[in-house]
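J.: For 16-151, the entry in TrEMBL reads domain 'Phosphoribosyltransferase'. As annotated by TrEMBL, 5-phospho-alpha-D-ribose 1-diphosphate binding site applies to Arg44, Gly45, Arg76, Asp98, Asp99, Leu100, Val101, Asp102, Thr103, Gly104, Lys105, Thr106. Taken from TrEMBL, the feature guanine binding site applies to Asp102, Ile145. The xanthine binding site annotation in TrEMBL covers Asp102, Ile145.
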Amino acid sequence: MSSHHADTAKNFPVTWEELHRHAKALAWRISDKGPWKGIVAITRGGLVPAAILARELNIRLIDTICISSYDHQNQRTAQNLKAPVAVEGEGEGWLIVDDLVDTGKTAAIVRNMMPKAHFATIYAKPAGRPLVDTFITEVSQDTWIHFPWDLNPIAYMQIRND
Ligand SMILES: O=P(O)(O)OC[C@H]1O[C@H](OP(=O)(O)OP(=O)(O)O)[C@H](O)[C@@H]1O
Ligand SMILES: [Mg+2]
């Protein structure tokens, strides 16, 4: 995803190293809130953060919930493609992981499915923030976060230098 898609005012590119540090910080912040039955990663953005949290917190049971709501930077109606299979009841004791909350639409769907789970993201924008239990870094609503899995290094350098 390159900057010509930008309809948000500010670009916030994140490197693999920054992402890794922030994901570890998230793991430490929730380490005393367990024990956890397992992690539910919200695909696809939650997959890499979930992998880092799983190693840091020594969690081996990883489920997914598959939701799609954006084409590039354009939001459309969220599609629920797959529910978790290992989660029973209201999700008590489960840790839900996503990369960020923006409008909170994705988080609202997931919260509805698992109201008692702990919802953790690395980044949060103000509109989605009330739906998250734990996050690490807040950015303003008009900021677009660029994740390292979506950028090649050259595009990353261009945005970084803007
Ligand atoms: O708070 P919201 O406005 O719902 O936005 C946040 C969601 O949007 C992105 O996912 P996306 O739907 O783009 O799919 P992806 O994770 O496969 O990239 C991001 O990973 C969050 O899951
Ligand atoms: Mg996502």
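If you go along the chain as it appears here, the first residue is 1 and each next one adds 1.
A Cβ is built for glycine as well, from the same backbone N, Cα and C atoms used for every other residue.
Caution: TrEMBL annotation is automatic and unverified by curators.
These figures come from a predicted structure and were not determined experimentally.
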J.: Name the secondary structure element type, per DSSP in three states, that contains Val101 (5-phospho-alpha-D-ribose 1-diphosphate binding site).
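T.: Once the DSSP labels are grouped into three classes, Val101 (5-phospho-alpha-D-ribose 1-diphosphate binding site) ends up as strand.
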J.: What is the one among the binding-site residues Arg44, Arg76 whose Cβ has the most other Cβ atoms less than or equal to 10 Å away?
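T.: The most densely surrounded of these binding-site residues is Arg44.
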J.: Between the Cα atoms of Arg44 (5-phospho-alpha-D-ribose 1-diphosphate binding site) and Asp102 (guanine binding site), find the distance and write it as a whole number of Å.
T.: 15
J.: Tell me the Cβ contacts of Lys105 (5-phospho-alpha-D-ribose 1-diphosphate binding site) under 8 Å, same chain only and six or more apart in sequence, or just say none.
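T.: In sequence order, the residues whose Cβ lies under 8 Å from that of Lys105 (5-phospho-alpha-D-ribose 1-diphosphate binding site) (at least 6 apart) are Ser69, Gln75, Ala78.
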J.: What whole-number distance in angstrom separates the two most remote CA atoms of the 5-phospho-alpha-D-ribose 1-diphosphate-binding residues Arg44, Gly45, Arg76, Asp98, Asp99, Leu100, Val101, Asp102, Thr103, Gly104, Lys105, Thr106?
T.: 19
J.: Sort the residues of the domain 'Phosphoribosyltransferase' (16-151) into helix, strand and coil with DSSP and give the three counts.
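T.: Helix, strand and coil residues of the domain 'Phosphoribosyltransferase' (16-151) number 41 helix, 47 strand, 48 coil.
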J.: C-alpha of Val101 (5-phospho-alpha-D-ribose 1-diphosphate binding site) to C-alpha of Ile145 (guanine binding site): distance in Å?
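T.: Between the Cα atoms of Val101 (5-phospho-alpha-D-ribose 1-diphosphate binding site) and Ile145 (guanine binding site), the distance comes to 11 Å.
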J.: Rank the binding-site residues Val101, Ile145 by how many other Cβ atoms lie within 10 Å of each Cβ and give me the one with the fewest.
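T.: Candidates: the binding-site residues Val101, Ile145. Fewest Cβ atoms within 10 Å: Ile145.
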J.: Restricting to the same chain and to sequence separations of six or more, state which residues have a Cβ under 8 Å from that of Thr103 (5-phospho-alpha-D-ribose 1-diphosphate binding site).
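T.: In sequence order, Gln75, Lys125, Ala127, Gly128 meet the Cβ cut-off.
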J.: If you check the binding-site residues Asp99, Val101, Asp102, Thr103, Lys105, Ile145 one by one, which have a CB less than 6 Å away from any atom of ligand 1?
T.: Asp99, Val101, Asp102, Thr103, Lys105
